[in-house]
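In what follows, a single structure is set out as structure tokens and then discussed.
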Amino acid sequence: MGNFVVLPLFHRPLNSSKNDIELKSIDSQPIQEDTNKYHVNYDPSIHIESSLWINIKSRTKNKKLSNRIRTTRYNLLTFIPKNLFEQFHRVANIYFAILIVLNWIPVINAIAKTVAFLPLTVILVITAVKDLVEDLKRWRSDVYINKQLTEVYDKTSRTFVQCQWQDVSVGNIIRIRADQAVPADIVLLSSTSCESTCYLDTAAIDGETNLKQKRIASCFLNISKPEETSFELQCDPPNEDIYHFHGRIILAPGTDTYSCDNNNVLLRGCVLRITEYVDGIVVYAGNQTKVIRASKKTSSKHSRIERYINRDVLFSSVVLIFLCLFGAGLSLNWERSFGHLWIFVPFIVDNPLNNFASHFFVSTIRFVILFQVMVPIALYVSLDIVRVLQMYKIGRDKHLKYEHPISCRTFTINEDLGQIGYIFSDKTGTLTQNELIFRTVSIGGLQYSNRSELPEEHDALTYHFLTTLAICNTTFIVDEHPDLVHNLDYRPKYEGDNADDLVLCQAASDFGVRMISRSAQTVAVRYIDSTDTQKEDVEYEILCLLPFDSSRKRMSIIVRTNDKIYLYIKGAETSIWPNLSEYNEMNMKMTIEQHSIGFAEQGFRSLLVAFREIELEDFQNWFQRYQTAANALNNREEAIAAAASAIEVDLILAGLTAVEDKLQEGVPKAIATLRCAGIKIWLLTGDKQATALSTAQAASLVNMPQTSTVDSNSVSQSIAATMTTWDFSETTQQQLNQRTHMIYYGSQLIEMNQRLGTQSQGIIDEIRTSETITRMSEVIAAQTLPVCLVVTGDDLGCILRYRPEQFIRAAGQCQSVIFCRVSPTQKRELVTFAKSVFKERILAIGDGANDVGMIRESHCGVAVYGREGSQAVSAGDFAVDRFECLLHLLLVHGAWCFTRTSELILYTFMHNCQYVFVIFYDQIFNGFSGAVSIHSF
């Protein structure tokens with residue numbers, strides 16, 4: 001069993017409470033707690049009573065290290081007091097309770113005590129029963145999960161023994177067999193796979209159905225029994241980020257340090273597939289595991305109509321206070337009007353001429369109880385009931401169900417669905433199907449759509465181009481028939497979590513360059529000649545893999561074969577072009593650039609492919625820098641990116657790929673309908689400008705004249721041809737067919753730079769941004785045609801730094817805005833600034849993890865079930881199958897919810913006001929005594 005304490009965060013601040021940090025050792029060897037480190041020590045040579053049994057006996061004493069989970073909110077002793085405490089956090093319950101207490105005072109008593117007590121009691125009991133039922137379900141689930149069985153390595157017997165999940169603790173080495181769930185977050189130590197990998201089903205965590213591949217940490221590749229090896233694992237404190245893990249492993253003091261990352265970690269809840277079994281050391285257990293910490297509820301959202309209700313309730317309170325004070329004054333005046341004859345009036349108990357303040361106070365409180373419904377606190381309860389019924393109605397709408405029914409994760413913003421003024425939409429997977437289809441490649445300036453078009457003998461560019469597609473990826477092979485691997489026609493099944501990698505790897509296979517095996521250290525590629533009669537298998541030693549991220553926008557792999565070292569790279573054009581060698585042929589570069597423009601105009605997504613040969617000495621010098629970056633304690637990603645940039649230079653351009661991502665069915669008509677409803681749509685995408693414009697044209701977001709470079713069978717023209725068949729009115733159709741005036745922020749910026757001339761860079765950045773936005777606003781205001789603004793990510797970064805609100809106000813005049821090459825952070829910041837500027841409600845819709853920020857930040861977040869996992873679905877307020885579901889969600893259910901809720905609110909205020917004023921009018925005839933002629937029931 002291991003010990004652990006806290007280590008500084010490796011990459012960014014994480015949400016970890018003090019209780020998460022101050023953790024005590026439960027091993028037999030005490031250690032001095034160091035509050036500046038977090039590590040797991042494993043020592044198999046400790047001859048003591050079995051650590052497993054120590055864990056079982058000490059389970060209740062070491063809850064922070066235990067794998068036992070508890071999601072219940074109550075127990076037998078705390079249910080009643082804690083539930084009442086939680087319920088009385090609501091202002092309505094406190095308000096009713098105060099009135100009940102006051103009504104029980106004899107001198108104030110205005111209505112029957114039972115009648116005053118009954119409503120609140122019913123509400124409290126019903127809510128308590130509901131909470132009890134929900135908590136019992138959680139308790140049963142906890143018991144079932146905690147008592148599942150797994151295998152734990154026992155140091156005393158040196159064998160794996162069975163125990164319950166709740167008896168597993170941090171530092172234990174556990175064994176997971178095929179089709180078993182992982183009981184805690186573990187770092188992979190060994191695997192029965194000959195490739196030193198394993199395959200996981202992570203559908204329960206991120207919703208992705210494709211298998212994931214995990215690798216053994218590099219330091220354990222040559223160790224047959226890691227459970228008999230001493231080592232120390234340092235890592236991040238427990239956190240909720242399921243996509244990142246930063247750690248390092250030290251096998252012995254004074255030895256090398258080995259980095260480990262998320263590729264070496266198996267998260268709690270994922271299921272092992274294909275592999276017979278794996279062993280791993282528990283690093284996070286129980287409620288400290290990433291999945292459980294990530295399952296915490298996000299901050300709740302509130303609709304705009306609730307602010308109006310709060311305002312009206314405050315005004316009603318003012319009216320109530322005025323009526324009570326006015327009635328108390330009239331009551332006192334009426335009693336004092338009898339003078340000294342008050343003693344002969346039977347219903348006047350005390351002398352009204354004495355204790356003026358006391359009489360006035362008692363009368364005021366009596367009227368507060370009498371007129372209490374003037375403040376419609378019960379309206380909040382009524383709203384909750386109505387909203388639940390509305391959610392039930394939305395959930396059963398057949399227009400919102402395709403593969404999945406609509407998921408409604410919140411019911412507090414139903415009315416906002418009918419008040420949406422702006423939609424911030426992702427492109428890939430939201431407007432498109434995210435089902436990539438390979439179309440063509442450009443190799444050395446020549447375009448090929450299939451293998452038959454290739455020359456019989458591959459030249460060097462073709463060889464390196466297809467090799468890059470085959471191995472520069474995160475794709476892995478699921479061997480369904482490993483015994484057939486030596487056959488010429490063997491076609492392995494590829495799996496992976498990146499759609500581009502999968503389609504390009506398969507394309508390389510179709511072109512005759514086929515990846516046939518892959519491990520953590522090597523990758524084998526089969527080259528098949530054009531006659532399909534001969535093959536050559538080449539094994540590449542993987543020296544380093546530099547993965548793709550949203551900042552670098554490229555990935556590369558460094559391999560060695562025949563004593564030669566090559567770097568193969570593919571990525572976005574903006575990240576590859578600047579790093580090309582000056583020795584590339586200019587004509588070829590110009591041809592590939594023209595192909596890139598043509599592909600983008602057809603709506604294809606493209607990636608540049610390049611390579612270089614590296615000298616051994618240069619690689620060794622660079623690799624030392626890379627290892628230092630990989631083992632960095634702080635800013636690891638930034639250090640690795642800087643190291644990668646140093647080696648990804650002097651590249652030889654090989655070619656360009658083109659894949660198509662078709663629009664979802666119904667998207668053009670949905671966007672056209674939303675535009676007719678007065679809703680403005682802003683498109684935010686990471687694709688380049690030409691691709692984004694082509695998609696916007698096809699989706700009816702803009703209407704631009706067709707260029708000659710677009711093929712006659714393109715998506716844009718086919719969509720444009722069908723627009724006239726939509727069942728819109730003639731006026732609406734003419735409005736949609738109006739040509740869109742395109743304004744490019746970059747062009748405006750160039751003009752402004754020419755005007756400003758050569759000023760100092762520090763001054764010109766802010767000045768030119770402000771002046772460009774001002775000029776752009778004037779151009780937009782002068783246009784009579786619909787306007788679409790196009791902004792790139794680089795320009796947007798400068799805008800958000802200096803003049804975000806000014807830009808948002810100017811862009812708000814446009815019918816639509818298209819943002820290209822934007823990052824997830826920029827998406828979130830755009831929504832944040834838009835919320836502060838626009839009075840209309842903002843809806844954000846996306847399908848991937850990069851859309852989570854803007855979905856959470858918007859007034860109403862809608863997620864699309866897609867191929868990029870369920871993180872967006874978990875963050876969204878609603879989840880739908882397709883973009884076109886927004887039509888019924890906003891224009892039907894949104895309008896119904898807003899209209900019906902508004903009518904309920906108006907009726908409640910009207911009803912309560914009428915009731916109060918009737919009682920107040922009745923007081924004129926009974927001397928403002930507080931007596932009620934209406935029966936209590």
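The first residue you see is number 1, and the count goes up from there.
Backbone N, Cα and C define each Cβ position, glycine as well.
Annotated features in TrEMBL:
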type     : residues : note
DOMAIN   : 59-114   : domain 'P-type ATPase N-terminal'
DOMAIN   : 156-293  : domain 'P-type ATPase A'
DOMAIN   : 874-934  : domain 'P-type ATPase C-terminal'
TRANSMEM : 114-133  : transmembrane segment
TRANSMEM : 313-332  : transmembrane segment
TRANSMEM : 360-383  : transmembrane segment
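Sorting the domain 'P-type ATPase A' (156-293) by DSSP state (H, G, I as helix; E, B as strand; all else coil) yields 23 helix, 55 strand, 60 coil. Residues 73-74, 79-80, 83-84, 87, 93, 96-97, 99-100, 103, 369, 381, 936-937 of the same chain lie 6 or more positions beyond the ends of the transmembrane segment (114-133) yet place their CB under 8 Å from a CB of it. Secondary structure by DSSP for the domain 'P-type ATPase C-terminal' (874-934): 41 helix, 3 strand, 17 coil.
Note on the domain 'P-type ATPase C-terminal' (874-934): its mean pLDDT in the predicted model is 88.
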